[in-house]
Amino acid sequence: MIPKQPQKNQDLLLSLHGVPGTAQDFVWYLGEEASGGTRLFSYIPGLPRPQRDGSAMGQRDIVGFPNGSMLLRAAQPSDSGTYQVAATMNPAWTMKAKIDVQVAAPRNPATEKPEVNMTPESGDSNVYEVMPSPGFLVSPVSGMKPESPPMSLPAPPPPAPQEPQPESQHYQAWILTTGAEISITPEPAQPAEGDNVTLVVRGLSGELLAYNWYAGPTLSLTFLVASYIVSTGDETPGPAHTGREAVRPDGSLDIHGALPGHTGTYILQTLNRQFQTEVGYGHMQADTVFQSPSLSLWLGVQKYSAVVLLAPGTGGALPSPLSLAPPIEILAPPTVMANDTALVERRDTLRLICSSPSPAEVRWFFNGDALPVAVRLGLSPDGRMLTRHGVRREEAGAYQCEVWNPVSVSRSEPLDLTVYFGPERVAILQDSTTRTGCTIKVDFNTSLTLWCASRSCPEPEYVWAFNGKALKNGQDHLNISSMTAAHEGTYTCIAKNPKTLLSGSASVVVKLSDGGRKAAAVAMMIVPVPTKPMEGQDVTLTVQGYPKDLLVYAWYRGPASEPNRLLSQLPSGNWIAGPAHTGREVGFANCSLLVQKLNLTDAGRYTLKTVTLQGKTDTLEVELQVARE
């Protein structure tokens, strides 16, 4: 929960951790019972509109995220209560979690002190109070100074300088502790290179099935060190296993011969018999700079750590007064979360959140550069939320946020945003042909390719139409292999964007050129369409330049003799089947012949015989080839 103690009108982030990336949906509830009446919203990753509000949403402004987290904007005291979330992995596996939220009226933090319990290990009766901080609280040592103390915490006067002690001297130390469900403590507290280190786990409860150890800032398979099955003791190494790690039955992690590369954040994830998970965080620094004990505990997403040094020979007595330097925080990488990573231009709103447990300053980056001024106008006052209403295509790209303070800086992994738009400026282009305005003129018996072009993300789907009738062509281009008078007409390309649900179209008129029209009028020829048909297809033997004063025509399979006649037809449209007719041949008024459902035996020579009203007889032949399927 960020912040941990929300105030009225603050934005409240309930950040969900430990959920695998395969969740099918998330459902959030407000109340002790999870029911339809208490449902705030459901979130189904991958849908165009993943968030569906429930009856308990009311007037609340809540934004869900693909990782299951939720953001409540401008929280009110009436928003206090028990928040529950159910994450469905599959029909047989649902992960559940809940948290109590109390939204308080504004208060003056300058007049209040957070409480931290400290338990000395050597029986000391004194009690010391330390401000909790997501960083290190270090007692002054000779030669160490804070680089930039916070304005609200002026540094106390330093004690008198002390000479550095040799490494053989014994230092006694009190360890500052604070309660947690799961705590992880490195032993030794500050190991040197080559030491055997144990990350000791305390606070485990319930009957556990398995442990997962991760060496990294997030629950990612990339950072998995090992998985351990409690009942069998089986341990399976992960991608981050170096050969030096081993899991104990109590969940602790042994690291044999620690190297500087073992420095960093460690996460323990437990799984119980109800398939519920808990997560604990730890940090280890492997070096030889200081020979004093130290402890670093991670509780949830908040880190508490302290080192208190005692001079040798003091008998365990703490110096009075106890002086602590201002906190120095080592920042963990933040995470950029988005309401969606694929949005529609001018329709959808982009919301990005820089999620970090630290109150450090935030900077944003876009495609590796500082965020443009126009986009920065959408930032919240604290700089952690970026909102863009009616997102634009130029805002698509990689977003990162960076947290920083005077001594540390850490940048998130990039989050890629896609913005869908278009189609726009749909146009039909053609190769080398003559074009006048919207009319394309093509020579007789030549080929033509029409291309449909547009500006669109993603690439649109295409539909072609000829004289208003849809063609079976889903490509961005259309081919006319041999131009004839039958191909003259209006060609239309329709581009459809499946994401924006918008469409656009363009049309051109295709005609024979003047020279092509004369050639078509003089020569009569037969052109198979398609030119190379396959077995099972239909083919049309198209006749180009047939006589206009036609009296009768006849088609033959082979030479023009009666036994080979397929059919004869008069200009009236009546046709007579011949001896060679198979029932698959159809004649047309323009002398063309359709042969349906070709087989390999249909290949061969076909003859057309025409007779005009004046008695002029012409005979044409064509060789038909049928390819095997």
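A Cβ is built for glycine as well, from the same backbone N, Cα and C atoms used for every other residue.
TrEMBL does not curate its annotations; it predicts them automatically.
Among the features that TrEMBL reports, compositional bias 'Pro residues' is placed at 147-164.
Remote same-chain residues near the compositional bias 'Basic and acidic residues' (242-253) are listed as 198-201, 204, 208, 211, 213, 225-226, 228, 230, 233, 235, 259, 261-262, 266, 268, 270 (criterion: CB distance under 8 Å, separation of at least six residues from the stretch ends). Summarising the annotation, TrEMBL assigns compositional bias 'Basic and acidic residues' to 242-253.
The domain 'Ig-like' annotation in TrEMBL covers 333-418 (among others).
The domain 'Ig-like' annotation in TrEMBL covers 423-509 (among others). DSSP places the residues of the domain 'Ig-like' (423-509) in helix, strand and coil in these numbers: 3 helix, 52 strand, 32 coil.
According to TrEMBL, the feature region 'Disordered' maps to 140-167 (among others).
Residues annotated as region 'Disordered' in TrEMBL: 235-254 (among others).
Note on the region 'Disordered' (235-254): DSSP counts are 0 helix, 8 strand, 12 coil. Broken down by DSSP into helix, strand and coil, the domain 'Ig-like' (333-418) contains 7 helix, 43 strand, 36 coil.
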